[in-house]
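Please read the structure below before turning to the comments.
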Amino acid sequence: MELLSLGSRQRPSLHEIGLSIISLTTCFVCAFAVSFVALAIYRAHLHPLAAIPGPKLAALSSAWQAYHARNGRMLVLGKTLHAVYGPIVRVGPNEVWLNSPDAFRSIYGAGNGYEKSDFYLSTVLNKPAIDWGLNLHFPDTLDLLSEFDTRRYRLQRRLVGPVYQANNIKKFQNAVDDVIERAVAQLRTLDGAEVDLKEWMHIIVVECLGAVVLSWSPGYIAAETDGGTGTQSYLGWKRKSVFGLFPLVTTATFFSKGLGRLFSNLWGVTFPTPKNFKPFFTPVYHKSSKRINVALRQNAGSNTRPKPPKRKQDTQPNDLLTDLIQLHKAKAEFTEQYLRRMAITNFGAGHETMCSALTSIMAMVGSHPAVQGRIIDELGSHGYLPSTCTSKDQKPIAGQTHIDYDAAASLTYCLAAIKEAQRLYPVIGMSLSRKVPASGLSVHDVYIPPGTTVGCSPVSLHRNTTIFGDDASCFNPERWLQDNVEARRAMERYNLTWGGGGRTCPGRHLAEMVVWKVVPALLREFEVVVTKMPNDVEVEYYFMAMLTGVRARFIPRR
């Protein structure tokens, strides 16, 4: 009887269980609150970066910067942060933005040991393996933007370098000229109607890439739309800009898609695919894969039997993919996987960056009539006349038909306007972040410890008055034509238009060839009038940045 009584006393009641749960929950909440407060105090007052000025909330959590990135406010931050806090600003618990020539030289100088930061985990193309030490190991697939292995990256750049040199790229000018002719003809049919400038620049860029890389057209010019591909792709950068600021979360999402969806929903960066949406990457992948497969089969067959005489239809087209296939055949180090990835990378890396450049250039020139007028005078002095230009007796006036890539270098004012627009509205809207090496960083009388994420925002750096003059915030192409040689060299040196240090854009010459031909060609044929220029708050600027919301008219020149 006593045993039964003892057993009944040892069995807790529901009331006791409830009290225990409440007690444990209270302890957990208190412990969490104490830990949170302790972490906040440490980051705000005891952290090695605590003395660096910056927004107080930024010191506590990366959520501060992520909030602004999610809202597309990186243009505003780039223009205001350093104006308020000075050349060194703490923008996260372990991240610092800098804005000075000294900082630029330290971070982006060749051989200084500053590797890409963990922000780029959000841009990787392949799922990594993870070892027992929680270190990530990415496959060797030629992921140029997100490659963390410096030696591997240098090898990849050396391999593809000859294909993307200016002397090789310019042989594809005729393909770009054909696209320009079709774009001009189609824009003329609009008779000056208002258009979304970014969409039309994207149309032209994708058509140029299709022609240069694959001898193919997506049909965007004839359709007068990119099918929403530019907008949908840009939303992807909104997501990457947020995820990149939380590398631990990004790492976890490699192994848990559910966590990725949850985090996306939490930050409001989940974007459903529109109905009947057709990305251009699908036909690009199929067409490039088909040609590569045929070329590899032919190459394998040539090792076992004599080559039959080439028929006309068997000859390879004169495009970039043909060069990449030949590179694979000539160099074993340029593997089949490299070949397939590089064929797609031309589009993945090029369609948004070139669109961003063209949009900012046409927006700036179209909103500054005096600059546009001077460019037209320069084009006329070189014989580049509108295709519809006639004399007083209505007879066509013969002029230069196409603007040659090499000859474009003589259009000094036009190129100055191009540089100036890219300076003010760079392709990268956030910091080109790097990781401080073991030696640490001493700059502006501050020591920044190893492992800290540091970098310069191109938006900020390109408005630095020490480098670009007192009117650095103004659109003034003449700054690139000034007599002061040292000043011009400094502007070229401390410039992140094409990236920084050893990680500059590998497709720069391809992009320049397209931009240098498209801009003067469009201005020759049309008076570009910007009808809506959004203010800075309205522009959606992420890590990959574009001047959004610009409306313009292309009025045919008579």
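Cβ coordinates come from backbone N, Cα and C, glycine included.
According to Swiss-Prot, the features are:
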type     : residues : note
BINDING  : Cys505   : heme binding site
CARBOHYD : Asn464   : N-linked glycosylation site
CARBOHYD : Asn495   : N-linked glycosylation site
REGION   : 298-317  : region 'Disordered'
TRANSMEM : 21-41    : transmembrane segment
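Location within the structure of each feature annotated in Swiss-Prot.
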residue : record                      : DSSP class
Asn464  : N-linked glycosylation site : coil
Asn495  : N-linked glycosylation site : coil
Cys505  : heme binding site           : coil
**Prompt:** Is the transmembrane segment (21-41) packed against any residues at least 6 beyond its ends, judged by a Cβ distance under 8 Å, and which are they?
**Reply:** 60
**Request:** Quick one: pull the CA-CA distance for the residue listed as 'heme binding site' versus Asn495 (N-linked glycosylation site), whole Å only.
**Result:** 13
**Packing count at Asn464 (N-linked glycosylation site) (other Cβ atoms within 10 Å of its Cβ)** = 19
**Item:** Proximal but sequence-remote residues of the same chain as Asn495 (N-linked glycosylation site) (Cβ under 8 Å, at least 6 apart)
**Value:** Arg423, Leu461, His462
**Neighbouring C-beta atoms (10 Å sphere around the C-beta of Cys505 (heme binding site))** = 19
